[in-house]
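What follows is a short report on a single structure.
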């Protein structure tokens, strides 16, 4: 519903301002909806970054883009890179693996699809987003954080050897197979040559020859972990057949019929595409061409591999249907170049077929289980695949080391960093994920204060501290809890869960030491039965434009409701009135604080601006005034907007990790002489990396779960 409101706002307000506009003597082209993207949810503009930044006439539009991007309502992305998630055909119950996910724009699309129905706070499906690069994982966290989902987990592994995970199904361990896998592999990027100048300087045939093996290993690992009947999309932003059709042909050949290319010609109508190719040659750096593997001299056979050549057997080649692959050419619809193949798994991979073993019961650790059976949708029994041989050997060696540790930590609901010495812990050492015990005294006052529904899944609450005071409470879905508890020894988890409560020492005197967090309010709201105040649209405007308004400023209905309520954290709910179509037509849930004589919203700055825009309140002029005070702007507005309440709570809030790091970001921006509200889109990848390096040092000393959220302005939009 929020997306529809933003679209309405874009069309009616911002696009209207661009009509007949001239910048530097050139007429501004109107943004166009991408014809092939469903429901007009993707738009294309020819405005260059420079024009967007520098033109006073476009300042409002530019600010809209920056602000909405920061709070996750829009994403800026290369048009063709939006295609793979659309072709995955995701449903809210699907278990999804994104193998090479950073920087995260495709992952954001997947999360969006899981939450297609906003009335379901916990979809049954989830996304596990992986990247091999530890630093890029934090970009990924930042992108995913904007969408506030309890169903996303970011992990840090080499995609070509990502471990087999296990889940608990009715008291027994089973290997986790994914319904959907996105395999957007590292590539030479020659399809990006229109926008990426480096490609022209650095391109060589060698790039593809070096990447082919890795791409094939990643794709192979992907299909091994795919459930039968599941879909895997393989994609690259390259047009070189060695990175594309050669990988797919090799995969199909060794699958011996277990995989097939899906015919997606009827999907995404309006997208201009070319069929996959079946004939190509292989060239060395020095210009030598080879048509067949047998022509390659022995001293070159380490550089060129047999899997790089097209299949010679015509019958085999025809059965593969390579023409079902999609090639998107840059000049067809003003995009980058792209390759996509959609694979469907019909049966287990031939090297994984083993006789099913009897299920082992939970108390016995089944790290070396080779095969399990699962019931397919049609009720038949299917053989599922074993972990690779190397993994089995490793798990046998690791088992003795881990058994005592793991059982101990699982009892306490602790999913910490792996106890095994073998696992390379590169990057930061993450804090453990500690699930709240069933009888934790911390939870009772929260349950009572907010009158939580008996169905509230308190088992899914976690913290990131084993000892000392718990400062933040996070929430994951039941399915992700299952994954976390059963795989802590083999998985390096960077981040998961959304913040639902924050400790606020002043709250204790009102009966609850934890205040609600805006980040998780849409997930939490369906379970809260107390401390809810329904407000009208005029009240919402007051809450979002004034820092600490007195109760007398609100409507009489709101004043009456507040009168009988104790001080402390509250929920402010706006429900649209269908009889007033000109008013905002999507529901809004805000966290607030009720004081003795005042009522305030506790909402981050960009989210405030978003809601005000949707209600037609002009926020631009106020912004310009703020910018007059240059360096102070972000800091003053943020601290004002982000306090929990007036008085003593401010002191505690300043100690919050997010605030500390936010100040660091602001300070860095001031040093680089940029406006603190600068466009996330503008930062080059280089700037982002430098700033992340500065933040990394800081993150080591802080709880990374929280600290990544506030790298916002800098990391927001480094796209594919």
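Backbone N, Cα and C define each Cβ position, glycine as well.
What TrEMBL records for this protein:
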- 1-346: domain 'SAM-dependent MTase RsmB/NOP-type' (DOMAIN)
- 100, 101, 102, 103, 104, 105, 106, 131, 158, 184: S-adenosyl-L-methionine binding site (BINDING)
- 237: active site, nucleophile (ACT_SITE)
- 351-417: region 'Disordered' (REGION)
- 386-399: compositional bias 'Basic and acidic residues' (COMPBIAS)
- 624-643: compositional bias 'Basic and acidic residues' (COMPBIAS)
- 624-720: region 'Disordered' (REGION)
- 651-670: compositional bias 'Basic and acidic residues' (COMPBIAS)
- 698-720: compositional bias 'Polar residues' (COMPBIAS)
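Here the C-alpha separation of residue 106 (S-adenosyl-L-methionine binding site) and residue 237 (active site, nucleophile) works out to 13 Å.
All chains included, 15 other C-beta atoms sit within 10 angstroms of the C-beta of residue 158 (S-adenosyl-L-methionine binding site). Between the C-alpha atoms of residue 100 (S-adenosyl-L-methionine binding site) and residue 237 (active site, nucleophile), the distance comes to 13 Å. Using a 10 Å radius centred on the Cβ of residue 102 (S-adenosyl-L-methionine binding site) and all shown protein chains, the other Cβ atoms total 25. When pLDDT is averaged over the domain 'SAM-dependent MTase RsmB/NOP-type' (1-346), the result is 93.
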